[in-house]
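Q: Take this structure first; my questions come after.
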């Protein structure tokens, strides 16, 4: 199976976690897009979705799935999204698609986080994939200096503005031995909106696309 076929397999496998009559939290990226396509086959059975990005909102609407503002919703049954890396403790690096802040907010509201990935995203130690940090534009240089103090090598993602109008610093050369501690430290830097470490609130279920099928992992 190609990587895209693995992504499609896990996107469709996540449908089994969708309960009729609920509002579904939907992530962003190529794997999440396959889930959105699958979700469209159930659109008559669900109330609708809450989206983590403008791109996913457009895809949901194009398929006839009602999209709710998160402020209209008290809680979400599930949130389904991909990841750039996931470790054995179900902690993730996310934000390669620059939607990390809205993804983290929707994940916080959801009762269950279902992470959908192909097997290449599984790692023992997070950090090989550059860690995205969303930053208020005027704080970019200051935050970069603070990230260097934490042992990283931040690189400005030029030409990219988030849906919130902010910039992204991608932090290279990290071996993240204590994900929760680093998440808290980066979030404490003035000017940081959020960091793409999903450690304090990790996934509850991971669906991993492998050559021999979809594996289900839980803690």
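Count begins at 1; order follows the chain as displayed.
Yeah, the Cβs are placed from backbone N, Cα and C, and that goes for glycine too.
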Q: Look at the substrate binding annotation in Swiss-Prot, where 28, 29, 30, 31, 81, 82, 83, 84, 94, 95, 96, 97 are given, and name the residue from 61, 111, 112, 121 listed for that site too.
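A: It is 121, as the record lists it for that site.
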Q: Which residues, sitting 6 or more apart from residue 94 (substrate binding site) on the same chain, put a CB under 8 Å from its CB?
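A: Residues satisfying the criterion: 81, 82, 83, 84, 100, 103, 104, 132, 196, 198.
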Q: Drop a 10 Å sphere on every Cβ of the binding-site residues 28, 30 and tell me which sphere holds the fewest other Cβ atoms.
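A: Output over binding-site residues 28, 30: least Cβ neighbours within 10 Å is 30.
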Q: Kindly assign residue 30 (substrate binding site) to one of the three DSSP-derived states: helix, strand or coil.
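A: Reduced to three states, the DSSP call for residue 30 (substrate binding site) is helix.
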Q: Only counting partners 6 or more residues apart, tell me which same-chain residues put their Cβ under 8 Å from the Cβ of residue 96 (substrate binding site).
A: 29, 84, 129, 132, 196
Q: From the centroid of the CB atoms of 28, 29, 30, 31, 81, 82, 83, 84, 94, 95, 96, 97, 121, the recorded substrate site, which same-chain residues not already listed sit within 8 A by their CB, in sequence order?
A: 27, 32
